[in-house]
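*Asks:* Features from Swiss-Prot:
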- CYS67, CYS71, CYS74: [4Fe-4S] cluster binding site (BINDING)
- SER110, CYS142, CYS201, ARG277: [2Fe-2S] cluster binding site (BINDING)
- 49-273: domain 'Radical SAM core' (DOMAIN)
Amino acid sequence: MREIKLNPDSLEIYEKSDSGKLNRNDLIDLWNLDLNDLLNISCALKKLFNKDKIDLCSIMNAKSGICPENCIFCSQSKHNTSKIDTYELKSKEEILKNAKSVEKYSNRFSIVVSGKTVTDLEFEKIIESIEEIQNKTKLKVCVSLGLLNKDKLKALKEKNVRIHNNLETSENYFKNICTSHDYNDKVKVILEAKKIGLEMCSGGIFGMGESIEDRVDLFLDLKKLGVDSVALNLLNPIYGTKIYEKIKFGVISPINSIDALKSICIARIALPDKVIRLCGGREHVLKDMQKYSLFALDGLMIGNYLTTNGQNIQSDLKMIKEMGFER
């Protein structure tokens, strides 16, 4: 990791972040700072809380497409017209095979399914897959199964897995990206999961037309909810989705690399003691600037995403090593 030298103003922000004294306006004002200053502050906070480590995770789209929800960014929604592979829940053998294929590189493996939630039968099969992975690999298991009820959350607690449920954006902006469920539906699941004692991963997507204020409000909600890991995604608009059309016709401006990096840094500063993990869209948005995001990150999703291809894993490993980090 590079040597960190903070100027007096940056040092003050660093100290306020560490002591939890940055308010909403303070975080919004960070947008006006130079990117290099934000990277320096973020890097200092990362070094304080997580040293030089980058935690790697991988996901599997274990059930794809035909989702009844109307999220405008998602190629799996039946309300969009994206051409993707659709299939029912994969077998435990297929899921285990996928997990084993990334075990050499990843610390975590997440089973992700499309839909608002899972049926009882699907849930039973997923529990079997969790047991297979835990018994036959060294991977920590995560699941992203939608809006789960208390009984299913308790069953997952018994299996010692981490739950993933993205808030996606701020409460104020959520109605612009989805109306088939609301923000509070997700909040209720997160609160119940935390009450039961589950580890929780949640986050959002940058580049859907939201403001910096919306991003800061998302970070503050994640802090208030006490999530353990924060998953940040950069919008990669997929043909056939409603948001692709909005960008095509200039209704929404696509996110650029500087915008994305600043947002990642502000997430780090707002949530200094959380695992900040960069996931989908980083290759599309950051391109050659991906390496700079590592100064603000504790985690990176590697391999393929739900319906899009990720960067070659060896390229990610090389990038991490060249930037002076460990995994």
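Every residue gets a Cβ built from N, Cα and C, even glycine.
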*Asks:* If one measures from the C-alpha of CYS201 ([2Fe-2S] cluster binding site) to the C-alpha of CYS67 ([4Fe-4S] cluster binding site), what distance in angstrom results, rounded to a whole number?
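*Replies:* Their Cα atoms are separated by 21 Å.
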*Asks:* Specify all same-chain residues, apart from the site residues SER110, CYS142, CYS201, ARG277, whose Cβ lies within 8 angstroms of the center of the Cβ atoms of the [2Fe-2S] cluster site, ordered by sequence.
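*Replies:* Not counting the recorded site residues, we get CYS57, ILE59, ARG108, SER144, ARG162, HIS164, SER229, ALA231, MET301.
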*Asks:* In angstrom units, rounded to an integer, how far apart are the Cα atoms of SER110 ([2Fe-2S] cluster binding site) and CYS67 ([4Fe-4S] cluster binding site)?
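*Replies:* Computed Cα spacing between SER110 ([2Fe-2S] cluster binding site) and CYS67 ([4Fe-4S] cluster binding site) is 19 Å.
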*Asks:* Round to the nearest Å and give the CA-to-CA distance linking ARG277 ([2Fe-2S] cluster binding site) with CYS74 ([4Fe-4S] cluster binding site).
*Replies:* 20
*Asks:* An 8 Å radius from the center of the CYS67, CYS71, CYS74 Cβ atoms defines the neighbourhood of the [4Fe-4S] cluster site; name the other residues of that chain inside it, in order.
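*Replies:* Once CYS67, CYS71, CYS74 are set aside, the remaining close residues are GLU69, ASN70, PHE73, SER75, GLN76, SER77, HIS79, ASN80, SER114, CYS178.
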*Asks:* How long is the line from the C-alpha of CYS142 ([2Fe-2S] cluster binding site) to the C-alpha of CYS67 ([4Fe-4S] cluster binding site), rounded to the nearest angstrom?
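*Replies:* That separation, Cα to Cα, works out to 21 Å.
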*Asks:* What does DSSP assign SER110 ([2Fe-2S] cluster binding site), in three states?
*Replies:* strand
*Asks:* Only counting partners 6 or more residues apart, tell me which same-chain residues put their Cβ under 8 Å from the Cβ of CYS67 ([4Fe-4S] cluster binding site).
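*Replies:* Long-range Cβ contacts: CYS74, GLN76, SER77, LYS78, SER114, GLY115, LYS116.
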*Asks:* Tell me whether CYS74 ([4Fe-4S] cluster binding site) sits in a helix, a strand or coil according to DSSP.
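*Replies:* SS state of CYS74 ([4Fe-4S] cluster binding site) = coil.
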